[in-house]
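Structure first, then comments.
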Amino acid sequence: MSVQGPQRRLLGSLNSTSPAAPRLGLAANQTGPRCLEVSVPDGLFLSLGLVSVVENVLVVAAIAKNRNLHSPMYYFICCLAVSDLLVSVSSVLETAVMLLLEAGTLAGRAAVVQQLDDVIDVLVCGAMVSSLCFLGAIAVDRYISIFYALRYHSIVTLPRAWRAISAIWVASVLSSTLFIAYYDHTAVLLCLVSFFVAMLVLMAVLYVHMLARACQHARGIARLHKRQRPVHQGLGLKGAATLTILLGIFFLCWGPFFLHLSLMVLCPRHPICGCVFKNFNLFLTLIICNSIVDPLIYAFRSQELRKTLQEVLLCSW
């Protein structure tokens with residue numbers, strides 16, 4: 001809702017371009033380079049946000065309904081859905097309020113609007129941080145379930161899971177409040193970028209190690225059945241494809257946003273970096289897309305959850 005422009009705030013206005021602007025165009029000024037600027041229509045942004053809201057609400061409802069899903073792994077998935085839900089709700093809310101203000105339908109004092117903007121920005125930032133944290137927590141949980149299978153239930157207990165979940169939410173709220181309060185400090189942006197890189201490295205290392213263990217296990221089975229190449233190659237290709245999709249979507253959806261933050265530190269006034277800043281709304285849209293994809297990757301692949309989801313949908317009719 002702030003009209004200062006996306007590059008002057010940590011989150012800034014989610015729709016700094018005019019609704020009538022073309023979707024794809026070349027922006028230029030007299031001294032700077034020609035820039036490729038992708039404009040995301042407000043209707044598309046709101047529609048994606050609503051799809052994400054529906055998906056993640058269904059995930060939360062299904063896990064809450066089925067007691068068989070009341071385990072640490074599904075609690076982490078549920079919290080990821082809540083984080084993605086908050087990202088979508090707060091982004092849609094900010095966009096809707098800003099459009100109402102621009103249309104003159106909603107009137108308010110500047111101080112009140114600014115306070116509302118700060119609250120929503122804290123909510124968006126906190127949800128982003130918690131979403132990244134729970135993606136890392138799910139990776140750690142899966143790693144322990146594979147490499148410490150016999151001790152998994154003694155390592156990942158419900159009390160420990162609840163403590164981890166509580167710590168993530170508290171840390172997300174505190175860090176997002178500090179990030180928004182000191183958004184114009186270089187250290188804040190560096191912390192956010194470093195956090196993203198740390199989560200990316202953590203997930204890559206854990207999932208690559210899990211893939212290596214799966215391939216090693218497949219080779220052992222192949223030796224017993226004397227079918228080494230077909231079994232090993234089939235599992236290896238399937239695992240590599242899954243790993244590529246998982247990490248690729250994570251990097252594609254989150255990477256541009258954190259590239260934007262990195263360039264705000266490295267070259268805030270450079271014309272070429274300015275071309276990147278013009279696509280800030282596109283980067284936020286990619287994060288919304290990640291909130292849509294997360295349930296497909298982490299939740300809906302579970303047969304038990306899909307069955308419960310069908311029951312939830314049937315009960316709602």
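Glycine too: its Cβ is placed from the backbone N, Cα and C atoms.
Computed from a predicted structure; not experimentally measured.
For N15 (among others), the entry in Swiss-Prot reads N-linked glycosylation site.
The N-linked glycosylation site annotation in Swiss-Prot covers N29 (among others), and the record cites sequence analysis as its basis.
Look at Swiss-Prot and you will find C315 tagged as S-palmitoyl cysteine. Taking Cβ-Cβ distances under 8 Å and a sequence separation of 6 or more, C315 (S-palmitoyl cysteine) has no neighbours in its chain.
Taken from Swiss-Prot, the feature topological domain 'Extracellular' applies to 1-37 (among others).
Per Swiss-Prot, topological domain 'Extracellular' is recorded for 94-118 (among others).
What Swiss-Prot records for 184-191 (among others) is topological domain 'Extracellular'. For the topological domain 'Extracellular' (184-191), the DSSP counts in helix, strand and coil order read 6 helix, 0 strand, 2 coil.
Per Swiss-Prot, the feature topological domain 'Extracellular' maps to 267-279 (among others).
What Swiss-Prot records for 38-63 (among others) is transmembrane segment, and it gives sequence analysis as the kind of evidence.
Look at Swiss-Prot and you will find 73-93 (among others) tagged as transmembrane segment.
The transmembrane segment feature in Swiss-Prot is assigned to 119-140 (among others); the stated evidence is sequence analysis.
Annotated transmembrane segment per Swiss-Prot: 164-183 (among others), in sequence order. If you look at the transmembrane segment (164-183), the same-chain residues 6 or more away from its ends with a CB under 8 A from one of its CBs are 9-11, 75-76, 79, 118, 121-123, 125-130, 133-134, 137, 191-192.
Listed as Cβ neighbours of the transmembrane segment (192-211) (distance under 8 Å, sequence separation of 6 or more from its ends, same chain) are residues 10, 129, 132-133, 135-136, 139-140, 142-143, 146-147, 179, 236, 239-240, 243, 246-247, 250-251, 254, 258, 261-262, 265. The feature transmembrane segment is assigned by Swiss-Prot to 192-211 (among others).
What Swiss-Prot records for 241-266 (among others) is transmembrane segment.
Here Swiss-Prot flags 280-300 (among others) as transmembrane segment, drawing on sequence analysis.
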Return the stretch with the most CB pairs under 8 A relative to the transmembrane segment (280-300), choosing among 38-63, 73-93, 241-266.
38-63
What residues in the same chain, six or more past the boundaries of the topological domain 'Extracellular' (184-191), come closer than 8 Å to it by Cβ-Cβ distance?
10, 175, 178, 261-262, 264-265
